[in-house]
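S.K.: The structure that follows is given in the form of structure tokens.
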Amino acid sequence: MGRLGYWTLLVLPALLVWHGPAQNAAAEKGTPALNIAVLLGHSHDVTERELRNLWGPEQATGLPLDVNVVALLMNRTDPKSLITHVCDLMSGARIHGLVFGDDTDQEAVAQMLDFISSQTFIPILGIHGGASMIMADKDPTSTFFQFGASIQQQATVMLKIMQDYDWHVFSLVTTIFPGYRDFISFIKTTVDNSFVGWDMQNVITLDTSFEDAKTQVQLKKIHSSVILLYCSKDEAVLILSEARSLGLTGYDFFWIVPSLVSGNTELIPKEFPSGLISVSYDDWDYSLEARVRDGLGILTTAASSMLEKFSYIPEAKASCYGQTEKPETPLHTLHQFMVNVTWDGKDLSFTEEGYQVHPRLVVIVLNKDREWEKVGKWENQTLSLRHAVWPRYKSFSDCEPDDNHLSIVTLEEAPFVIVEDIDPLTETCVRNTVPCRKFVKINNSTNEGMNVKKCCKGFCIDILKKLSRTVKFTYDLYLVTNGKHGKKVNNVWNGMIGEVVYQRAVMAVGSLTINEERSEVVDFSVPFVETGISVMVSRSNGTVSPSAFLEPFSASVWVMMFVMLLIVSAIAVFVFEYFSPVGYNRNLAKGKAPHGPSFTIGKAIWLLWGLVFNNSVPVQNPKGTTSKIMVSVWAFFAVIFLASYTANLAAFMIQEEFVDQVTGLSDKKFQRPHDYSPPFRFGTVPNGSTERNIRNNYPYMHQYMTKFNQRGVEDALVSLKTGKLDAFIYDAAVLNYKAGRDEGCKLVTIGSGYIFATTGYGIALQKGSPWKRQIDLALLQFVGDGEMEELETLWLTGICHNEKNEVMSSQLDIDNMAGVFYMLAAAMALSLITFIWEHLFYWKLRFCFTGVCSDRPGLLFSISRGIYSCIHGVHIEEKKKSPDFNLTGSQSNMLKLLRSAKNISNMSNMNSSRMDSPKRAADFIQRGSLIVDMVSDKGNLIYSDNRSFQGKDSIFGENMNELQTFVANRHKDSLSNYVFQGQHPLTLNESNPNTVEVAVSTESKGNSRPRQLWKKSMESLRQDSLNQNPVSQRDEKTAENRTHSLKSPRYLPEEVAHSDISETSSRATCHREPDNNKNHKTKDNFKRSMASKYPKDCSEVERTYVKTKASSPRDKIYTIDGEKEPSFHLDPPQFIENIVLPENVDFPDTYQDHNENFRKGDSTLPMNRNPLHNEDGLPNNDQYKLYAKHFTLKDKGSPHSEGSDRYRQNSTHCRSCLSNLPTYSGHFTMRSPFKCDACLRMGNLYDIDEDQMLQETGNPATREEAYQQDWSQNNALQFQKNKLKINRQHSYDNILDKPREIDLSRPSRSISLKDRERLLEGNLYGSLFSVPSSKLLGNKSSLFPQGLEDSKRSKSLLPDHTSDNPFLHTYGDDQRLVIGRCPSDPYKHSLPSQAVNDSYLRSSLRSTASYCSRDSRGHSDVYISEHVMPYAANKNNMYSTPRVLNSCSNRRVYKKMPSIESDV
């Protein structure tokens, strides 16, 4: 007691002096004061002043109370002295908390502090030494907290160490030290509930109070190399001493103890073996000053929380004496707020047992220098260890090392070594893998890091496992830290070679290449894999060439196809067809309809083109047998050609992958990379054998590639795929594996894995290692047994190697089809250029090409004429320019001829001389209007004076509003308003042979059609003469109307049902419905007054005259449905024929109809042969058979056998007027190259105006005389040597009426268009009109009061302006539509009537056309039927033939003439 009192007397004055002023200051401020005492042992190198200064104003900022720190240093820390010091301190300073630390390792200190806290309820923090030792059981009312870990926390770290190093087999040794049961229970519970394959072999509990013999007996039961020990430090000395005597502390044994055993790290008993592992509180990184500061912070934070919640803090204890045995527990204590505390950003919370929730534990090992070394750290429930492989320590000098346990280093490189993470569930390595440790850097600047447990597998790992079983050794495997194979840098080896050289590893296993430099420092086993240097490149998506669609065939094949085969075959087909007797160009077959379409070279090419590409295009098939055989062979060729093209097309339309072709390391791309643009980029992984080989053999190459070197293989593969690298040079075995396992198989090795500088992989061992021989023998055994081959198949073969020959199909993109689109775009551009050139040529240049500019024959005409001359051997004479024709173009010359016809006088001046007068029409325009009466079998010219007459109704009557109105329907000339009713019957006046007489009749024939000029044979224009008796009696017609034809009067008649349209025509062909037409009658819906049936501007005389013609027995009335919708449908023509023919009429065979049941009532008029010259001009060959072309709806059934007579000739004819010319023996199917003198003198530049070459008539004889002369000379039924005029071919002859009811046995021209069976829907020419027949006016003749206007003739079907469209008609034109003639009538003349009113008036005209006069009041349309008989002209005579575009009549212009060149 005296000693304690002396200590108290020395200490208390100082405490009072320090505490008094602070407490007074706190009282003055009114803030509560918190007194905390710090007691430490004198062994710590710290003073009391330093302890008080640990809490300064910085730490007290923001606290609601004043903190007073009382620091004391104790010399003795035995239990008695400890209790005395604490009680004296409480009595003198009235403290609220205590921070205690000592320098002992006695757990009794912690027990004493726990007792004091349970008695005084003052919170005590044990921060160091014995005060922080583990306590088994604390008092329930204890307020003692320790900076340490509980038994369970330390046991968890111990098991984690064994798990990381795969020490799954262990034994547990304990004493009866307090807490041992908790330790054993926790270990067993953890092992039983863990997925780790723990194997706890023994649990030994020792009682050290007995003799050592018993302890040895228990320790002998241990058979595991890992032992967990739980005891006090003094007991551990005894147990480890006995274990050493039993040999349990050598290389193969690992003792792991808690902090209770290690105690104070500065005190190390000599019995502790080297390599002893302990889990301890962190004294290395957690200093005593930091612990004191954290203790003060914990108490201050708890007091502040209590003050904030309860507004007070517990009253400080004044003394620990006089306490009851069981003190009363206060309602609120400070330690309740110490459980969850966060201070200075650290979680310093405590558990209910008084231990830290997150203690700072470390793993320490007693190294060979007998010092505790920190090798691991437990932080945030994570253990990090320094050593990849736990070092084997030689515990004592008498211990022998274990040479069978090897430390092996490896390198991650697939497929030889593949590193994976551990199983997250079991935290171990799965089957077929071995544990390996990998160093992971935490701080790159300081190279600080930790070794993490990984799992390794691969080709080399499987070899290692086989070697371990065969050679009998154990190993610890770890990955090299720098990830290199090994290179000597600054005379220091790195990588795996460095680990072996510096004996950190016994063996190096992996993709380690054997070379001379490495063999100098290490020993290599025999190679187990053959390898070398290879080059890897990446496949890049190639581009499809725009000409890929042409690549299935070579250029020569395409040339042969389109140039040689197509042209030659097309010419052959054309030639065979041209000279075939049954072809299109030879209409010689019996019963063959003449004037059919021609089979041209263009049609032949189009046919063959359609066959090659199997296009459904309209083509015209040949009819000749030879040409059909040729086409059949071509069709067979086309099948093979197209099939071959289709089969090969897919292979060329896919995107071909591009691969850089490299032949080897000496390739130009490696040696001279700058020669390429961009430069060739290649690299390798440095510090390897590949780099060394390149450096030694190719210095320039090595210097260039250093900037493209990669850190590893994976980085190189990424660079290849992203285009940063063009080639990667590396070990062949690795590259082959990567190429085989690459996703998408985009990486390939050159030459299918071609190897340069062949070498192998081997195992590196320390120089002079005893393991080399055993390992070499084992490897050779693996090779001999085939085990090595199995491993190579398992690991080194990739899936891409097995799929090399598989075809990978993909969707065709726009790149694949770009060439086709380019071709279409080029075609569009070429079409646009052609379109512009076509318009430029037509409007600007064609006149010069046709010779108009130079008045010389044009180029095209000259070529055509030259070809003809060469083929037929005909000499072509140059034509002299006619002085009478000085206009530009043949059409202008034709107009000039038409204008010269405007010299017709009125009735008073109507004589032969006046008719031939050259006066202009202006001289007669004031003398009255002209009405041409449509009188059957008579031509009466009836004239009346001009008078005003206002029509009561329009020609359309009540249905006028149903008609369509068009903007431009006529020609731009003023002639468009005049009626040209077609070709009229012509005879030659016997008194004046140079005079042509025209017969004007009202009967119009409906069954005619236009035809082409050059397609018609010359012989088809000849007709036989016939004899007939004059008949004057005819039956009267019924009141039914008949529909008239739409054909233009410009053409010769032809069969309606047999169109002249070629089967390859691209124009739409209009038909009428052939079905059920025989008895079809069109409904008359006009229902209008009589006045509405006639033109609005007809005079009374004209109207009266026309009305009187209705009762004529020879009239045929055309009707049309007036209430029909304006859809331009053509109704079938209806003929009302009530004509009674005289029985004595003789019909010659020459003009027999094709249908015996139709038109038998119409007699034909034989022409006088006397006016005809060149009587020997007509052919008499049997091959030419002529037919009358006047049959209509009902006359298509006549047999072809009833033909006309045959004629033959050996001379030729004039190409213009058809006059006979001698010395020609050619075919009449060919166009004659000669002309008569008249045509040569009067013709224009081109011989395409032959239809104007009519003789200028002289003074005619009277009508009766001419008629009698003609009639008397034609009774012999022989019309000989009659020549017909030639009409020009025009391009609007493709519109057909609805097919008449025909005899199906007589085939019509086939048409391949889809609209063959279609009605003429929507046609512009579907609206026709009904015209009543007028009664004859007797033989009263009235003359024309005015001349004919020349503008009646059109110079072209193509309008000069877009507004002058002849295909459109206006309402005004519809008002002026009249009935037109039937173009088939020129082939037939009706017998003249014997009645008074049945005489013809023959007028000498310049034109054979009939004209309807126009006065200044408007139009006076008259219904005209004209009959033009083909004739033959004398030599040196010129006849002007009509070329009529009658825009006033119901005839419409159907098609445009393409160009003048079509006639050439």
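Quick reminder: no glycine exception, Cβ is built from N, Cα and C everywhere.
Below are the features I grabbed from Swiss-Prot:
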{"type": "BINDING", "residues": "Ser511, Thr513, Arg518, Ser689, Thr690, Asp731", "note": "L-glutamate binding site"}
{"type": "COMPBIAS", "residues": "1033-1043", "note": "compositional bias 'Basic and acidic residues'"}
{"type": "COMPBIAS", "residues": "1052-1061", "note": "compositional bias 'Basic and acidic residues'"}
{"type": "COMPBIAS", "residues": "1070-1083", "note": "compositional bias 'Basic and acidic residues'"}
{"type": "DISULFID", "residues": "Cys87-Cys320", "note": "disulfide bond"}
{"type": "DISULFID", "residues": "Cys429-Cys455", "note": "disulfide bond"}
{"type": "DISULFID", "residues": "Cys436-Cys456", "note": "disulfide bond"}
{"type": "DISULFID", "residues": "Cys745-Cys800", "note": "disulfide bond"}
{"type": "CARBOHYD", "residues": "Asn75", "note": "N-linked glycosylation site"}
{"type": "CARBOHYD", "residues": "Asn340", "note": "N-linked glycosylation site"}
{"type": "CARBOHYD", "residues": "Asn380", "note": "N-linked glycosylation site"}
{"type": "CARBOHYD", "residues": "Asn443", "note": "N-linked glycosylation site"}
{"type": "CARBOHYD", "residues": "Asn444", "note": "N-linked glycosylation site"}
{"type": "CARBOHYD", "residues": "Asn541", "note": "N-linked glycosylation site"}
{"type": "CARBOHYD", "residues": "Asn687", "note": "N-linked glycosylation site"}
{"type": "MOD_RES", "residues": "Ser882", "note": "phosphoserine"}
{"type": "MOD_RES", "residues": "Ser890", "note": "phosphoserine"}
{"type": "MOD_RES", "residues": "Ser929", "note": "phosphoserine"}
{"type": "MOD_RES", "residues": "Ser1025", "note": "phosphoserine"}
{"type": "MOD_RES", "residues": "Ser1059", "note": "phosphoserine"}
{"type": "MOD_RES", "residues": "Ser1062", "note": "phosphoserine"}
{"type": "MOD_RES", "residues": "Ser1198", "note": "phosphoserine"}
{"type": "MOD_RES", "residues": "Ser1291", "note": "phosphoserine"}
{"type": "SITE", "residues": "Asn614", "note": "site 'Functional determinant of NMDA receptors'"}
{"type": "TOPO_DOM", "residues": "577-600", "note": "topological domain 'Cytoplasmic'"}
{"type": "TOPO_DOM", "residues": "616-625", "note": "topological domain 'Cytoplasmic'"}
{"type": "TOPO_DOM", "residues": "836-1464", "note": "topological domain 'Cytoplasmic'"}
{"type": "TRANSMEM", "residues": "557-576", "note": "transmembrane segment"}
{"type": "TRANSMEM", "residues": "626-646", "note": "transmembrane segment"}
{"type": "TRANSMEM", "residues": "815-835", "note": "transmembrane segment"}
S.K.: Using DSSP, how many residues of the topological domain 'Cytoplasmic' (616-625) fall into helix, strand and coil, respectively?
M.R.: 1 helix, 0 strand, 9 coil
S.K.: Can you give the largest Cα to Cα distance in Å, as a whole number, for the residues Ser511, Thr513, Arg518, Ser689, Thr690, Asp731 that bind L-glutamate in the record?
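M.R.: Result: 16 Å between the two most distant Cα atoms.
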S.K.: According to DSSP, does Asp731 (L-glutamate binding site) sit in a helix, a strand, or coil?
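M.R.: For Asp731 (L-glutamate binding site) - judged by DSSP and reduced to three states - the answer is strand.
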S.K.: Using a 10 Å cut-off between Cα atoms, which of these recorded positions sit near Cys436 (disulfide bond): Asn340, Arg518, Asn687, Thr690?
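M.R.: Taking Asn340, Arg518, Asn687, Thr690 one by one, none has a Cα falling within 10 Å of Cys436 (disulfide bond).
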S.K.: Neighbourhood of the L-glutamate site (Ser511, Thr513, Arg518, Ser689, Thr690, Asp731): other residues with Cβ within 8 Å of the Cβ centroid, in order?
M.R.: His485, Leu512, Ile514, Asn515, Thr531, Gly688, Thr759, Tyr761
S.K.: For Asn614 (site 'Functional determinant of NMDA receptors'), what residues in its own chain, 6 or more apart in sequence, show a Cβ-Cβ distance under 8 Å?
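M.R.: Same-chain residues close to Asn614 (site 'Functional determinant of NMDA receptors') (Cβ under 8 Å, separated by 6 or more) are Ala638, Leu642.
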S.K.: Any idea what DSSP makes of Arg518 (L-glutamate binding site), helix, strand or coil?
M.R.: helix
S.K.: How many Å separate the Cα atoms of Arg518 (L-glutamate binding site) and Asn687 (N-linked glycosylation site)?
M.R.: 12
S.K.: Suppose you look only at the topological domain 'Cytoplasmic' (616-625); what would the mean pLDDT be?
M.R.: 81
S.K.: Near Cys800 (disulfide bond), which residues of its chain come within a Cβ-Cβ distance under 8 Å, counting only those 6 or more away in sequence?
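M.R.: Correct list: Ala739, Gly740, Arg741, Asp742, Cys745.
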S.K.: What does DSSP assign Cys436 (disulfide bond), in three states?
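M.R.: Its secondary structure by DSSP: strand.
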S.K.: Sort out the sequence-distant neighbours of Cys429 (disulfide bond) for me: same chain, 6+ apart, CB within less than 8 Å of its CB, listed by position.
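M.R.: Same-chain residues close to Cys429 (disulfide bond) (Cβ under 8 Å, separated by 6 or more) are Asp166, Ile422, Asp423, Pro435, Cys455.
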S.K.: Sort out the sequence-distant neighbours of Asp731 (L-glutamate binding site) for me: same chain, 6+ apart, CB within less than 8 Å of its CB, listed by position.
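M.R.: Same-chain residues close to Asp731 (L-glutamate binding site) (Cβ under 8 Å, separated by 6 or more) are Ser511, Thr513, Thr531, Gly532, Ile533, Ser534, Gly688, Ser689, Thr690.
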S.K.: When neighbour density is defined as the number of other C-beta atoms within 10 angstroms of a residue's C-beta, which of the recorded positions Ser511, Asn687, Ser689 has the lowest density?
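M.R.: The recorded positions Ser511, Asn687, Ser689 were compared, and Asn687 has the fewest Cβ atoms within 10 Å.
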S.K.: Rounded to a whole number, how many Å is the Cα of Asn75 (N-linked glycosylation site) away from the Cα of Asn687 (N-linked glycosylation site)?
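M.R.: Their Cα atoms are separated by 62 Å.
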S.K.: Show which residues of the chain containing Asn380 (N-linked glycosylation site), separated from it by at least 6 in sequence, have their CB under 8 Å from its CB.
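M.R.: Within the chain, Asn380 (N-linked glycosylation site) has Cβ neighbours under 8 Å at His358.
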S.K.: Cα-Cα, whole number of Å: Asn340 (N-linked glycosylation site) versus Cys320 (disulfide bond)?
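M.R.: For Asn340 (N-linked glycosylation site) versus Cys320 (disulfide bond), the Cα atoms are 28 Å apart.
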S.K.: Counting Cβ neighbours within 10 Å across all chains shown, tell me which of the disulfide-bonded residues Cys87, Cys320, Cys436, Cys455, Cys745 comes out on top.
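M.R.: Of the disulfide-bonded residues Cys87, Cys320, Cys436, Cys455, Cys745, the most buried by Cβ count within 10 Å is Cys436.
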